[in-house]
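These come from TrEMBL:
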type: DOMAIN; residues: B:23-109; note: domain 'Pyrroline-5-carboxylate reductase catalytic N-terminal'
type: DOMAIN; residues: B:252-396; note: domain 'Ferric oxidoreductase'
type: TRANSMEM; residues: B:206-230; note: transmembrane segment
type: TRANSMEM; residues: B:250-273; note: transmembrane segment
type: TRANSMEM; residues: B:294-315; note: transmembrane segment
type: TRANSMEM; residues: B:349-367; note: transmembrane segment
type: TRANSMEM; residues: B:388-409; note: transmembrane segment
type: TRANSMEM; residues: B:421-444; note: transmembrane segment
Amino acid sequence: MGKSSLKETSFAMNMNSVHSRETVCVFGTGDFGRSLGNKMFQCGYSVVFGSRNPELSGLHPKGIEVLSYKEAAQRSDLIIIAIHREHYNFLIELAEELQGKILVDISNNLKINQYPESNAEYLAELVPGAKIVKAFNTISAWALQSGTLDASRQAFVCGDDKESKQRVMDIGRTIGLTPMDQGSLKAAKEIENYPLQLFPMWKFPLYLSAALCVFYFVYCLLREVIYPYIQEEKDNTFFLAISIPNRIFPGLALNLLALVYLPGIIAAILQLYRGTKYSRFPNWLDHWMLCRKQLGLVALAFAFLHVMYTLVIPIRHYVRWKWSSRIINQIKTNKTDPFNTTTAWLSDSYVALGILGFFLFVLLGITSLPSVSNTVNWREFRFVQSKLGYLTLILCTAHTLVFGGKRFLSPSILRWYLPSIYVLSLIIPCTVLVLKFILVMPCFDRPLTRIRQGWERNSKVSKKAQLGSGNNEV
Amino acid sequence: MGKSSLKETSFAMNMNSVHSRETVCVFGTGDFGRSLGNKMFQCGYSVVFGSRNPELSGLHPKGIEVLSYKEAAQRSDLIIIAIHREHYNFLIELAEELQGKILVDISNNLKINQYPESNAEYLAELVPGAKIVKAFNTISAWALQSGTLDASRQAFVCGDDKESKQRVMDIGRTIGLTPMDQGSLKAAKEIENYPLQLFPMWKFPLYLSAALCVFYFVYCLLREVIYPYIQEEKDNTFFLAISIPNRIFPGLALNLLALVYLPGIIAAILQLYRGTKYSRFPNWLDHWMLCRKQLGLVALAFAFLHVMYTLVIPIRHYVRWKWSSRIINQIKTNKTDPFNTTTAWLSDSYVALGILGFFLFVLLGITSLPSVSNTVNWREFRFVQSKLGYLTLILCTAHTLVFGGKRFLSPSILRWYLPSIYVLSLIIPCTVLVLKFILVMPCFDRPLTRIRQGWERNSKVSKKAQLGSGNNEV
Amino acid sequence: MGKSSLKETSFAMNMNSVHSRETVCVFGTGDFGRSLGNKMFQCGYSVVFGSRNPELSGLHPKGIEVLSYKEAAQRSDLIIIAIHREHYNFLIELAEELQGKILVDISNNLKINQYPESNAEYLAELVPGAKIVKAFNTISAWALQSGTLDASRQAFVCGDDKESKQRVMDIGRTIGLTPMDQGSLKAAKEIENYPLQLFPMWKFPLYLSAALCVFYFVYCLLREVIYPYIQEEKDNTFFLAISIPNRIFPGLALNLLALVYLPGIIAAILQLYRGTKYSRFPNWLDHWMLCRKQLGLVALAFAFLHVMYTLVIPIRHYVRWKWSSRIINQIKTNKTDPFNTTTAWLSDSYVALGILGFFLFVLLGITSLPSVSNTVNWREFRFVQSKLGYLTLILCTAHTLVFGGKRFLSPSILRWYLPSIYVLSLIIPCTVLVLKFILVMPCFDRPLTRIRQGWERNSKVSKKAQLGSGNNEV
């Protein structure tokens, strides 16, 4: 949005520029009403407040009048209703004054879907003669007041009357916002729910990763700290800072990445089983599919942490001490470790696989930025998210497998019968990859492709189509 | 796009909200037609399908009727044509029913520029009495069906009749898309080509870097693996995982970055030579200049990989073994390496130059994100991409030069007469920097600036301007 | 902006597509006038130039006519004024020809706010019978000419007449731009100032960090290079490349991050002291608050550099030499350093704190990308920037504190009475954190919250509200 920067910098300059004075009326002298009124006043509008008790309505900048509702309404054909929905009733008495005027509903509720219909639609029912526009409810009074609109300047606007909507959008632009037309008044409910949300699509990914995190942590604590303490009386508590996180994070990253691709596989199996794509998926699967992007980004965050924790390894006091004591030991025992090409191969390969996997992972993350994903078409998006996504999963799984190397089958890695954490981490990714591998085999891929193109196993249309009567439809 | 998140989260909530039922007609019961129809039905529209064989048209949700084309057309003044272009002919017979109605062309072709005119313009010719709107062809049926619109929600819309376009954009908003007005029906061709593209601007950069990559790989294989194997019978194959990529990637990054700035220099030389900026560049130069951004991003990707491969050096088994064997050797021979300030200087400088170069490179990459480059004006963009870009090139070239250090002129680095890969990598960047240095010298910079401001060596206007008759034009 | 990619790729394809020829007139044959005219001609418009001296107006592509102003004006109802504001006077004589026509003002000035009113508003005064649209002044002639619109394609458009604005926006779309409606002609001043800016909000953060940088550099030079040289005759100059920057950068990053949160604390204290939020802050505080985002991003840049400089530590020649000489020394003196769990704890903790702090810092940076911050609502933005921001500050401060560890109180770290640089770096962050800690205590937090909801200590309204007469206003 170029606009943000346009507005940002002009904010300081243009504040007092003289405009031809258009009068706007604001009903209600509460915080947001005042902030909005003052802001419009600063930006060159003539502002009149309407209040129950005009004489009590506090300090206003010179030039702003506070009148009774009735008087104020007569001054302008555009009235901003800065009143809580519960008190809209008084507007019924003003029906005559409000006839044909533009009423801007800026109200918010306390919780999502609090009322059956949106506040703006309720207002439209109460004052049928007026043109209702929903706007400005997504803006914070504090931001308007202080001018620090560093968050989104987007102001969603909707309404059934196009002229009125344009008037309100013009006001929005003048006070430094970026109005976004959301269509008819039906959209008001969404717009009213919008400011109440707190990362709704992130909840499942975050809770899931928190749960997995706790499980992994306890598991590692047992194997890496408590076991050595009990069996060998070694104090490994300092592993809590880096060593243990660096076992938890890669495991989480790999598993969450696999969980991004699992719902697609479940959906494919369901479609193959049902023989149609037109039945709805179960709700849990729908929700899972809707938050795949967020799951992937959480996975990327853990991968990033894993990379950082790995790169600092040589700086750690413990690691330096271990290296020097190994060298000193070699000299004291006069036994030099010979160079082992296989170990060099394994060590270099798992590092290289990890780097390439992380690189593709970062690429996936970048393409999921809204401004980037908006510049690619559907075909390009599918290519990146599906092809590159699976390649990332393959590389990261291979990275973990090679990291395990020869130790997989050795019983020495079991402590209290618990295998290393990376063995556990491989279960889901390997399952996903095996299932995907089965699904891309022609015997499954062909019917699946047909189903996804609209073919149905038990449909007369599809049978007709199979009989070769031609398909002229998109 | 705030909308994406607005829509995303409201998707689950608002799906069944009751709207005043507007009727939309869909011609064709193919996959995309059905998906779109069902989606509109879910979002509160009354939907009627028109079909050749209404009785054969398969299962539809309750409440959706399938009628003959004629009957269906009579039900609504907005008809979505979900039929392939090849079968549009039947619409001629319906001309009477379609008179004055809005026809929405959602068709796609199989390849770019398949027909001389766009499908929508062809439709407009066939049914001259209707108002044609091109829309929804960039949306995937699968995404509409499953509700997982995780790619772009942008739906390009164009058409000559503003009212009709607004109606279609409102439908788009209601079913969760972000309609983007693309102007008149002339834009239909672009909109029809859009979904068929697969990263068109990336092809040249990717093929070029693939070719360079292969060349560098074979070169390094010869020098680093085959030569030692033949001359010293050393098995260096494990270099393939990290050491060799870490010679290929920095070379590629540096050369591709230089190739970003080379076309600008060639253009400047051409302009100086021709004495005007109004002649067109040759096609290859035009295309090269158009994909500079993509070249730069590929270069950044390789630089990122180089950084990662470099940072893992101390973790590699081979490197650890080499360090310890060197220390053990010093002790055994009782000869301690003295500290050499010059080596410390060289080692620290090339690392520091590399970090600063990479930092500026990342900065360039961030400013090329669409949402960031949209917030800067032309002057700021030029400053970043040109000034900072050249600084990056200078730093990265210096990084490579200092890395080479004293070894450049020593013949010991030749193996089979092949110099080290970094020597080759320096050719293009150094050429670019030398040419740029020449071009910024006043004797070349002054005429170039005048040419770029519109001056022409062989033009009477320019001569007039030189004679001081004043220039009142922008 | 999906459009950019839509346009980008279609640029080469569609250049010569045949459109129904609409005639556009361009007054002035200067560089930008010619570039724009030729571009429109290429994109299918019929173009006529108006000039003072039509016969002198240089080479034009075949099919473009150059006429006198009067004749040219008669050819089209849309005239692009490619003339400097100083020469607008001649338009007065053409008043009759221009009556009712659309005049597009594309002029720019040489400095910000050069004239009291915008060029477009001045034009509207001169030719009161015409419909003025401001457009295209933010586009570069060079970009139009060469087709390499790799910077922003956004073209800000404003004007009082909606029809005219639409016409101009359609032309913009046809020549490959993304027109952005900025409302009425009042916005012209902003649009004219826009292309003249060079990162206005970045100036304060960059100057501040440059000043801090110089101070830190001199300080470190004294302590780390000059002191050892004078006291111990040690040549530490090579510290200039990595060691000293790696002391400067973390200090800068931490202090700049703290300075992002300091103005919010000062504002809170001011509001508590004044008992109202409706008084304006002093100008310096306003400006400081407006560039907090930029301050934070500069801090992130330094943090990134610090991370890179830290990760290369084990690759440095000096560090490798120091490690080996320490090991060799241990062997020679036959004294092995015992493993110290406390040191391991301290070393691992400060590294882990640093990584987590950097991770959150990067997260803050990503959410400040325009396209990301546009997808979050105000509540989410506050959560990320305030909660996560303070957590970042706490983690980074703790990282520095633990890094210092036991050395804080030891006098041995003083050189010429100068403490280590990290001690200085802690002053501002610790102050900010202590003040914030005081402000979140209920005795301060409760009145502050009330003030921010609009309550005023000295207002009759607020007193009324306190008396429980109910608050029905938003």
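Each residue, glycine too, has its Cβ placed from N, Cα and C.
Note: TrEMBL annotation is automatic and uncurated.
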Segment proximity, the transmembrane segment (B:294-315) to the transmembrane segment (B:421-444), 3 or more C-beta pairs under 8 Å: no
Three-state composition of the domain 'Pyrroline-5-carboxylate reductase catalytic N-terminal' (B:23-109), taking helix and strand from DSSP: 36 helix, 24 strand, 27 coil
Secondary structure tally of the domain 'Ferric oxidoreductase' (B:252-396) (DSSP, helix then strand then coil): 121 helix, 0 strand, 24 coil
Positions on the same chain near the transmembrane segment (B:206-230), where near means CB under 8 A and six or more residues out: 199, 236-237, 239-240, 243-244, 247-248, 251-252, 255-256, 259, 295, 298, 302, 415-416, 418, 420-421, 424
Model confidence over the domain 'Ferric oxidoreductase' (B:252-396), averaged pLDDT: 90
